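**Student:** When I checked TrEMBL for this same protein, it listed these features:
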- A:10-52: domain 'Phosphoribosylformylglycinamidine synthase linker' (DOMAIN)
- A:73-188: domain 'PurM-like N-terminal' (DOMAIN)
- A:203-355: domain 'PurM-like C-terminal' (DOMAIN)
- A:440-556: domain 'PurM-like N-terminal' (DOMAIN)
- A:570-702: domain 'PurM-like C-terminal' (DOMAIN)
Amino acid sequence: MADAGLPTVEEAMALGLTRGEYELVCEKLDRPPNQVELAMFSLLWSEHCAYKHSKKLLMTLPTEGEFVVMGPGENAGAVDVGDGLVCAFKVESHNHPSAVEPFQGAATGVGGILRDIFAIGARPIAVLDSLRFGDPGTSERSRFLLDGAVSGIGHYGNSIGVPTVGGEVYFEEPYEQNCLVNAMALGLGEREKLVRSAAAGIGNILVLYGASTGRDGIGGASVLASAELGELSEDKRPTVQVGDPFEESKLLECSLELLEAGLIVALQDLGAAGLTSSASEMASKGEVGIDIDVAKVPLREADMEPFEIMVSESQERMLCVVEPGKLDTVIALTDKWEVHGTAIGTVTDTGQMRIFRGEELVGEMPVVALVDDCPLYDLDPAPPAAPIYPPPTATLDPAADLRQALLALIASPNIASRRPLFEQYDSIVQSRTVRRPEESDAAVLQLPGGRGLAVSIDGNGRKVAADPYRGTIGVVLECASNLACAGAQPLGTTNNLNFGNPEKPHIAWQLTEAVRGLGEACRALEAPIVGGNVSLYNEGASGPIYPTPVIGMVGRLPDVTRAGRLGFAREGDAIALVGRFSPALPASELARLRGEALPDGLPDVDIAAVRATQEAVRDAVREGALSSAHDIAEGGLLVAIAESCLAGDVGATLDLGACEDAWSALFGEAPGGFVVSGDPSAIARLAEHTDVDVIGAVGGDRLHVRAGDGEANATLAELREAHRALARLFP
Amino acid sequence: MKFGVLRFPGSCDEVDAQLAAGRVGEAVLLWHRDRDLQGCDAIIVPGGFSYGDYLRAGAIARFSPMMEEVIAFARDGGLVLGICNGFQVLCEAGLLPGALLQNTNRRFTSRQVRLEVVNSETPFTLACAPGELLSVPAKHGSGRYYAPDDQIDAMEAAGQVVVRYAPGDCFNGSARDIAGVCNQAGNVFGLMPHPEHAVDPLTGSTDGLRIFESMAMAAEGVRG
Amino acid sequence: MRVRVLVRPKAGILDPQGVAVEQALPALGFGGVTDVRIGRLIELEVDDPAQVDEMCRKLLANPLVEDYEVQLLDGAAGTAS
Amino acid sequence: MRVRVLVRPKAGILDPQGVAVEQALPALGFGGVTDVRIGRLIELEVDDPAQVDEMCRKLLANPLVEDYEVQLLDGAAGTAS
Ligand SMILES: Nc1ncnc2c1ncn2[C@@H]1O[C@H](COP(=O)(O)OP(=O)(O)O)[C@@H](O)[C@H]1O
Ligand SMILES: [Mg+2]
């Protein structure tokens, strides 16, 4: 191999490696790396691929359970849903690409998570999104990012025929300079037909199929995912990756047909770090070597260097391992779907990744060194000495009464109807969607045999910022509460940890505490983590984002015809507050509107008690005993009730009786509270299993509430008008 | 009664259409590169994004070998239903008058709409009452129906405007709220909303079934 | 030979994108802009430029709602529909 | 003055439309077509043509993924980015 012009340590550092890491690479190779090798090491040893600051924490999470079929480590996790079927699911972030170009960033985020799903042999059946931006009222940039991200998600999901069935979006100042765009996907597959990504069979052939390879996102994984965005100079900006959902729809059908026909040994999508990471990880999992000839890779631009081909992040590509005798059949099938496959390499027994350009060997590295030898770092967590986040900007008149506060909350961008967003998504294609957005707290999809799946995605950065440990527990509980309202029992959990720079002690502390809360809550709910993603270094010039663990949970319903609804349905039904609910205002949505600083810590949560309430609500929904069930989240009890009124197009009259502090009672937030409605006898039966307080009745065309000597009154029309507040963001 | 549902690269709602048609008869998928209509009594050109909707929705798909067969089948009086992208394909292929342009709101929009049955005497609306309102979802970015005014006058006079959006429900800016039209002979019908997504009380309304039932009645009539 | 095809919405056909651009410009500080029309630009390399007109009629433009104009880029003037 | 803006996908940036059209053409009986790129054609009436370049950068084109070219239609040559 030519060793002239070897890259310097400075170049290695510009690619994101530390001096120590570069020296370790030299030691592993027994010589300094050349350009191809350095490019590959810098990607595989990046935070994004190696999880070097989070792996030790992630190892503390519960990953096993009754329903887990595939845990973290594969392209997606999978849980058993009965009858030989599994549900594969995972959430991923595309934060930095979306901050650069929101439409393509969000679109390729959806494309990437969908490939993860069909890479394990499951057909994608749903997408959800989780979005965070700055204040849309004052920030034009936030409106631009929101508009672009939503159109990008819709563009990709709609065009490929996978319904976007749910999601969440929040607007808070700390996301102004660093928006979050997370996408989750679910797939359905046969348990026996799942495929893993481990390369196997010495002499077998690697086939690359899908889009041709261009200079998309070169340097992306190392630069984009591992440097703070503000540090990125113009010339380091990678080329923007453009998504092509049409190509991906062919890729998807072709991949599933290859698997169905039993033609392939292993399958892997090309995501961040392109061919480098997919090939190396396939080799590592199979404990084999791989030879790749970059001259065989179909290129979009003729003059690409071997290292560029190896690190390109061109979208819509897949890599599979094929027995030589089946190669022709595989190529023919890829031709049928117009995603023309090419044999680009072979599985070897060398334990080496060897990169050739034709006959010329241009790179040779031990697979183990590339994939497993990246140093893992211990965090140095310490709680912040002073508050990290300035108080939010106050928008609510301090003299506002209960009614004005209710209307302001309903119109808050964090609570107002998401209809203007989700109307841009096809939520019904594939004919499985039993509960569309705004019909239930969780989306519900039907499965063969009359059963159902429920899915929800949740996060609450403000509460996690106030208390990373309890805040994260609250998020996991909210996700499970959403499932309970639909009548579903959790099967498994996925998560995306969106945090700032973990090399800073207070961020390390947020991350450590949040993961502790996540593990504890998932353990207590028996909803193990089957996969996820970590996105660090989310900081802008004015500081870090709120620490934002985003939790996605999948549950199942034995009888999908009884899926719960959140809207009040019948005049005369009793309305009850369910659960041992201790609402508090600090860190609530009302506190945000009032411009109050975040508290230092949140009240303790009794996870077991919340779980018991969730089970009681779930069982009542499953029996068909309730007309509606809705969990109490942002905005507290009165907002939850207003949402049930709006969803059912009917009013309610409530009396909370004697009440020390009407504000806390009506607008305070805490995990574990539900608003249900139904026949008084059904509510009485529910009271045998959990705390139940009948507080009013469904009926009329207004919401009227009395709490102690406080009172609020609004017509449905007024509530509806306030609830439409987001529409003006999408003129 | 045997329905054939076309499948192009990029089709999305073909399996949904197959399931819906399967409730009133047999339904098979037909691959765009084949030429065998497999003895189908009616053809459905489904929704989705054939060829990614690149260039113009429906522009590339209409040239596929199977579409050539469908054009011949339609010229011989065979029943052809185009839904959403299928409607766009049929317009591009010249089997239906007019064109579908970008929604005036410039956004892909997905919403349950009410469709008014304007002509209940076509083979696709036999099972509907005149003026009946059907609740059906619509979801598209390019669904604004356009044809020159005098042509629409003539179409209205001839009963070719088959379904309209009910007042207030037209989000795409279609001329005269037109949601679906048929050809002069009445055997080819295209509409933007999705009757195949309104066939099961579990996932929505069941009003869309009426379209498939009508087709089955018409086909039986022709045969009998 | 490199060929450019300009495809425009026909006169009288509403062009919502054009309208949106026109409405957005004043807020960005650009006054005095009217009659914005947005169409498609297609550039291609063809062996036989004589084919292009048919290609336009059959595929690249929809004659009911769009006009097209062909420009041969290596010299010679184009033809318009 | 009438101004024409040609907006094209940047060199090196994937142009999915162009690829799809190029791949479809042979089957439609049009051989010998390569390197198809599809962009946008924007035509507008402006009082002050000097503004157009900034308008392109701010609104009409997305500089991250697109190049643009301005043509003044009543005579004079244009400027390219
Ligand atoms: N970004 C989004 N994408 C798609 N659907 C969304 C999005 N945000 C919210 N939704 C849907 O809107 C409804 C209400 O959302 P939200 O108020 O966040 O619910 P919750 O309070 O239960 O978390 C849900 O059905 C949710 O799935
Ligand atoms: Mg909820």
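Every residue, even glycine, has its Cβ placed from backbone N, Cα and C.
Help me picture these features in the structure, burial and contacts included.
**Tutor:** Confidence over the domain 'PurM-like N-terminal' (A:440-556), given as mean pLDDT on the 0 to 100 scale, stands at 97.
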**Student:** Under 8 angstroms for C-beta pairs, at least 3 of them, ignoring pairs fewer than 6 apart in sequence. Is the domain 'PurM-like C-terminal' (A:203-355) in contact with the domain 'PurM-like N-terminal' (A:73-188) by that rule?
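**Tutor:** Between the domain 'PurM-like N-terminal' (A:73-188) and the domain 'PurM-like C-terminal' (A:203-355), which are separate recorded stretches, there is contact, as judged by 3 or more close Cβ pairs.
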**Student:** On the DSSP side of things, how many residues of the domain 'Phosphoribosylformylglycinamidine synthase linker' (A:10-52) fall into helix, strand and coil, could you say?
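**Tutor:** Reading the DSSP string over the domain 'Phosphoribosylformylglycinamidine synthase linker' (A:10-52) gives 30 helix, 0 strand, 13 coil.
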**Student:** Using DSSP, tally how many residues of the domain 'PurM-like C-terminal' (A:570-702) sit in helix, strand and coil.
**Tutor:** 47 helix, 30 strand, 56 coil
**Student:** Can you count helix, strand and coil residues in the domain 'PurM-like N-terminal' (A:440-556) using DSSP?
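**Tutor:** The counts are 49 helix, 41 strand, 27 coil.
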